[in-house]
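Undergrad: According to Swiss-Prot, the protein has these features:
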- ASP156: active site, charge relay system (ACT_SITE)
- HIS187: active site, charge relay system (ACT_SITE)
- SER342: active site, charge relay system (ACT_SITE)
- 376-389: compositional bias 'Polar residues' (COMPBIAS)
- 37-113: domain 'Inhibitor I9' (DOMAIN)
- 125-396: domain 'Peptidase S8' (DOMAIN)
- ASN63: N-linked glycosylation site (CARBOHYD)
- ASN230: N-linked glycosylation site (CARBOHYD)
- ASN248: N-linked glycosylation site (CARBOHYD)
- ASN392: N-linked glycosylation site (CARBOHYD)
- 376-396: region 'Disordered' (REGION)
- 1-20: signal peptide (SIGNAL)
Amino acid sequence: MTGFFTFLSFSLAALSVTNAAHILSVPKGAEVVPNGYIVVMKDDTSQQDFSSHRVWISSIHHNKTRRGLDGAGVKQTYDFDHLRGYSGIFDEDTIKDISNDPKVAFVEPDAIISQHVVVQQRKAPWGLSRLSNRRGGRNYVFDSSAGSGVWAYVVDSGVDIRHSEFQGRAVWGSNLVDNKNSDGTGHGTHVAGTIAGKTYGIAKKAKVVAVKVLNSEGKGPTSGIIAGINWSIRHARKHGMLHKSVLNMSLGGTYSAGLNHATAQAIKAGMFVSVSAGNDNINSNGNSPASERSVCTIAASTENDGKASFSNWGPAVDLYAPGHNILSARPGGGSQTMSGTSMAAPHAAGVAAYLIAKEGIPGNRACLRLKQLSQPTIRNPGPDTTSRLLYNGSGR
């Protein structure tokens, strides 16, 4: 490997409130009932106030019907001990009126709920099959939700968003390092493919957001990395996705209090953050952002459940994940094999996205969930280092 400048990618081969009116959002692309909404009243709404509110809504619907305007009105009413509300079909003006009532807690689109089935991918890349089988195996076993409705921010060298692996689920977010909206090293595309690719990915239905902070040499200033984190938080917040987002940084350098602090803010905001431990076979406590205690710091394992010879170690490491000879997407189409803790971290990001979709956990609780599901199988993990290997909880 070449020497570090400020930053090097760690590779060994080349629903929230969206406005003051309390209208909640659903992930873009989610299937919803056309013009269908669910309205929930505040906890302290009395039965009398709720009845008055429903009379008011009925009058609005009646007036619109008299004027020949479309709108089916209230379809179902909910009146439980601690939940009063209703659902129905309403136009935009009516929803604005409803959301401005001080007795209303929130309004949300009426999303479609589907059955979940188990899918098995045969002859999968070894990293995928390993994380879904406690004792190893050749198949990748996963729930069909597969990260649906979750966004993955890839803070890296860029992503080939047109690659067929992403099936139109990848978008360009921001470029904070140069004026080339492309992946000059192939690193970011490979990482994104592991997180959300249709063949090589874990969360096969997640959306990828490319945040470029590394140049064509795989380097970038710490200030640019911090800017990338800041942009990602603001973007996720704007779209109501903070608790349904994962952020992966397969990069690192010398210790930086500023970078660690910025990384911690993403987690406090509600996101899951995975970072690579580093490739120097040293204690990762001296590196950033790997040394930030609140992130999920990932070391690299081999096909035989051993510590990869290059992988950093130490108490900052939260989990091991596959990081040796990992096959994933390459810019321009096709695939390539890479090794490094850069390849391990996106496995964790992918499983986090998968669990956020499958179990409904918030992003900033996902690292704890990953550790709860993990298996103590890594041989010779290093001094003061966990032996726990990433697992998706498939039951196999």
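Note: Cβ is positioned from N, Cα and C throughout, glycine not excepted.
Fair warning: this is a prediction, and the values are worked out from it, not measured in the lab.
Could you tell me the structural context for the features on the list?
TA: Under the three-state DSSP scheme, ASP156 (active site, charge relay system) falls in the strand class.
Note on HIS187 (active site, charge relay system): other Cβ atoms within 10 Å of its Cβ, all shown chains, come to 29.
DSSP classifies SER342 (active site, charge relay system) as helix under the three-state reduction.
Tertiary proximity for the compositional bias 'Polar residues' (376-389) is limited to same-chain residues at least six positions away from its ends with a CB under 8 Å from its CB atoms, namely 130-131, 283, 299, 301, 304-307, 311, 313-315, 317-321.
Annotation note: ASN63 (N-linked glycosylation site) sits in a helical segment as assigned by DSSP.
The local packing around ASN230 (N-linked glycosylation site), expressed as other Cβ atoms within 10 Å of its Cβ over all shown chains, amounts to 15.
Sequence-distant neighbours of ASN248 (N-linked glycosylation site) (same chain, 6+ apart, CB under 8 A from its CB) are ALA152, TYR153, VAL154, VAL155, ASP156, VAL191, ILE195, VAL273, SER274, VAL275, ALA345, PRO346, ALA349.
Applying DSSP to the region 'Disordered' (376-396) sorts its residues as follows: 0 helix, 4 strand, 17 coil.
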Undergrad: Averaged across the domain 'Inhibitor I9' (37-113), what pLDDT does the model get? Just tell me the whole number, please.
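TA: Residues in the domain 'Inhibitor I9' (37-113) carry a mean pLDDT of 78 in this prediction.
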Undergrad: Tell me the Cα distance separating HIS187 (active site, charge relay system) from ASN392 (N-linked glycosylation site), rounded to the nearest angstrom.
TA: 24
Undergrad: Take the C-alpha atoms of SER342 (active site, charge relay system) and HIS187 (active site, charge relay system) and report the distance between them in angstrom, rounded.
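TA: Each residue's Cα considered, SER342 (active site, charge relay system) and HIS187 (active site, charge relay system) end up 8 Å apart.
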Undergrad: Around ASP156 (active site, charge relay system), how many other C-beta atoms are within 10 angstroms of its C-beta?
TA: 29
Undergrad: Fewest other Cβ atoms within 10 Å: which of the recorded positions ASN63, SER342, ASN392 wins that one? Let me know.
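TA: Across ASN63, SER342, ASN392, these recorded positions, the one with fewest Cβ atoms within 10 Å is ASN63.
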